[in-house]
């Protein structure tokens, strides 16, 4: 029902349901404007990076507490800055950031990889996450989020992800060798997307973020800063060019050694 058709009392009750405490003196126009504002905020969609930046902009404990107040999240005064940041990030990830193949895992041995990369390259690990989420009620919220995304991903979407990975690899290989027809030089094995992502870990700058857990410990999470697609590709290609140079150098050394051995036998 549009807020304009509600009575003043109904608008006040609606705001209370939305976690607000509207002043008794507000007019219907003010109440309606606040309802529209809150509705727009609730519908706002963020990327993972935007969510991380929103938390990072809170430089003090007081700023974090005010942000959590805006989110209607309960906290204690004794909780640390890292715990408050983690609570805020979790709220945004679960309520404002749609799960997608581009989301970073943020936990476990593949924390630096994206959902799509893990599902495509480490399907058994993805299945383990789903099983763990179903069997253990106290699983980490990031594991549960990833597991739910995996379960909701259709077979056709999984095929599309695999195809995208293959196309990305082929595109990268074509850039450094336009005449390449799909074969590789002897002794050279192009990296797949998973291994490329592993190397990117050393190049990315990371923000350390801790998340509050049911136990007294905190779970340190790494949230990678943005890198443009071109920057990532350049870094990957530079690494592959380096590998090629080393391979060519080794082949030249082998050829020279073979030539000398052949010459020695001839004499």
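Backbone N, Cα and C define each Cβ position, glycine as well.
Annotated by TrEMBL as region 'Disordered', the relevant range among 210-229, 230-249 is 210-229. Of the candidate ranges 145-174, 175-204, TrEMBL annotates residues 175-204 with the feature region 'Disordered'.
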